[in-house]
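Below you'll find the structure, written out as structure tokens, and then a few comments.
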Amino acid sequence: MNKSDKEAMEKEEKATVATNDEPEINYRGWKAMPFIIGNETFEKLGAIGTLANLLIYLSTVFNLKSITAATMINVFNGTTNFGTLVGAFLCDTYFGRYKTLGFATAASFLGLLAIQLTAAIPELHPHRCAAKESGECEGPTTGQLAFLLMGLGLMIVGAGGVRPCNLAFGVDQFNPKTEAGKRGIDSFFNWYFFTFTFAQMVSLTLIVYIQSNVSWAIGLGIPATLMFIACVVYFVGSKIYVKVKATGSPMTSVAQVIVVAIKKRKLKPVEQPWLSLFKYFPPKSINSKLPYTDQFRFLDKAAIVTPQDEIKGDGSPADPWRLCSLQQVEEVKCLFRVLPIWASQIMYCVTLVQLHTYAVFQAVQSDRRLGNSNFKIPAASYVVFMMLSLTIFIPVYDRAIVPFLRKIRAKEGGITILQRIGIGMFVSIFTMLVSGMVEQHRRSIALTKPTLGVVPRKGAISSMSASILIPQFILGGLTEAFASIGLIEFYYKQFPENMKSIGGSLFYCGLAGSNYFSSLLIFIIHRTTNRTATGNWLKEDLNKGRLDYYYYIIAGLGILNLGYFLLCASWYKYKGNSDNTPELELHVNGEKQQLDKP
């Protein structure tokens, strides 16, 4: 962002908005970002610094088998991501984003502290397993596992509040009614991910190295300390934040529309619904007014006025469980339109799950030596190449590609959000194909050429350089740059304003679905292939399995998913856009009014 743009945006952000008798809102825009993005950076440095190597930690310190550790990680990630829906609901309904973030950051700190204690205190983890090729090692006791799960539970609570609210809280600092605010919001999505990814890179290199090669106690103590700093940074900026208050449960309105539509299902549809349906817009609503759309027309019946329906003097319905407004109906339609797109995210994110689990196991059984030295790059650190790819590409995309596409296509973002997501899904298919080919090559070398020793409880180390894994991680970073960022922006912009936190949680719910689907897929592959002539594809020793076949199956499912997404995208109508309700401007007493055109 150049200096003139930033100065113009900050100047325009000083504009205040006053409605009715409510106090003025002083938007600080980019001035609040050092505290919000700083909090996010330290929070991610802490959380990712633990989670990135948690798979290895469970395998080496808690002596869990690889398939058990991978399943546990998938279930933990899935529960964490689904927890964001609960956090978003509590945020929007009761507490607001500021209080939710404060509580969640503190819970994350306590969770990380508990996990650090499992490494620092010998009584909280099983005895270290001796280095040997095979054999059973002493597993954790019930008490040790319970203490670990308590720490993970606190991290679930923390992530459930931080993940859906942090992005929306940052956007709250910009004035959405000014051009500078709108540009700030668009750039914020990209730069938010830039800092987020930078934190991931540091975690996956420095912190993971300390954990794997120096000390687990010290390596897990660093993330806990960083999370404490995140708490401090967040509360230091309290005085300059725009704190949007909770407006009550937005899901109540959704439930009302569905219930009333079912009650009135026998009514005949009205002609020219944009004129005939009941219209009421609450004066203090933070939502933007939506035009009529002709999708999900069965919901329109919730806004049909019957002789039994009573209307108050202020124009609102006497019983909202018997009559809903056209605005309410259109807000529910926004939610319904997003859900098919969300379903496609579940299959897309399966690719990302593999890059954080089985791709790490690929690195474990590859030559990770740096050049001719004896220094070995930690297996979990190879994920940093995915972050590096994303970090390099985002500024190029935001400052070069988008302005270029904006000029030639005359669109605000250069390409539409759905086009950006589709490109990312297309790249994810190639990511899995490349992963399969690399694994096939790694396995072939391990079986036909001299190996470099044996990984305890796994198998022989292939002499293939682990650097060959880098292309699949680079492709994974490009996939996230297009699809993951696009999906988060899509959910945020397409949900009604009073459901932004819930919209933000939808991305993480998609990740949760991917984690659970991956666990199910692993279970099916494990049970099915275990009885075949080729043997189990997902053996503890990758050299004896066929992980490449597993990757090819995911690529095939990705092709089917891309076709489904393209169908949904061609049908989708963006919020606020309608081909069925053109409007005329009417000036009354010098004020511009909107008049629906039949």
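The backbone N, Cα and C atoms fix where each Cβ goes, glycine too.
Small disclaimer: the values here were computed from a predicted structure and weren't measured.
Residues annotated as domain 'BEACH' in TrEMBL: 1-128. Summarised as a single figure, the pLDDT of the domain 'BEACH' (1-128) averages 71.
The transmembrane segment annotation in TrEMBL covers 45-64 (among others).
Remote same-chain partners of the transmembrane segment (70-91), defined as residues 6 or more beyond its termini with a Cβ less than 8 Å from a stretch Cβ, comprise 54-55, 58, 64, 97, 100, 104, 152, 155-157, 159-165, 246, 249, 251, 353, 356-358, 361, 501-502, 504-506, 508-516, 518-519, 522-523. What TrEMBL records for 70-91 (among others) is transmembrane segment.
As annotated by TrEMBL, transmembrane segment applies to 103-125 (among others).
Here TrEMBL flags 145-169 (among others) as transmembrane segment. Remote same-chain residues near the transmembrane segment (145-169) are listed as 36, 39-40, 43, 47, 50, 62, 76, 79-81, 83-88, 90-91, 97-98, 100-101, 103-115, 117-118, 124, 189, 192, 241, 488, 492, 500-505, 508 (criterion: CB distance under 8 Å, separation of at least six residues from the stretch ends).
Taken from TrEMBL, the feature transmembrane segment covers 189-210 (among others).
Annotation comment: TrEMBL describes 216-236 (among others) as transmembrane segment.
Here TrEMBL flags 335-359 (among others) as transmembrane segment. Here the transmembrane segment (335-359) has Cβ contacts under 8 Å with residues 55, 70, 73-74, 77, 254, 295-296, 299, 382-383, 386, 418, 421, 424-425, 428, 431-432, 435, 469, 472-473, 476, 479-480, 483-484, 487, 490-491, 494-495, 499, 503, 506-507, 509-511, 513-515, 517-518, 521, 538, 547, 550-551, 554, 557-558, 560-561, 564-565, 568-569, 571-573 of the same chain, all six or more residues outside its ends.
Annotation comment: TrEMBL describes 379-397 (among others) as transmembrane segment. Long-range Cβ contacts of the transmembrane segment (379-397) within its own chain (Cβ-Cβ under 8 Å, at least 6 residues beyond either end) map to 52-53, 55-56, 190-191, 193-194, 197-198, 200-201, 204-205, 208-209, 212, 355-356, 359-361, 363-364, 368, 466, 469-470, 473-478, 480-481, 485.
The transmembrane segment feature in TrEMBL is assigned to 417-438 (among others).
According to TrEMBL, the feature transmembrane segment maps to 473-492 (among others). Nonlocal intrachain contacts for the transmembrane segment (473-492), taken as residues 6+ away from its ends with a CB within less than 8 angstroms of a stretch CB, comprise 167-168, 171, 189-190, 193, 338, 341-342, 345, 348, 351-352, 355, 359, 382-391, 393-394, 397, 417-418, 420-421, 423-425, 427-428, 430-431, 434, 500, 503-504, 506-507, 510.
Under 8 Å from some Cβ of the transmembrane segment (504-529) lie the Cβ atoms of residues 67, 70-71, 74-75, 77-82, 84-85, 87-88, 163-165, 167-168, 338, 342, 345-350, 352-354, 357, 484, 487-488, 491-492, 495, 535-538, 546, 550, 553-554, all in the same chain and six or more residues away from its ends. As annotated by TrEMBL, transmembrane segment applies to 504-529 (among others).
Taken from TrEMBL, the feature transmembrane segment covers 549-572 (among others).
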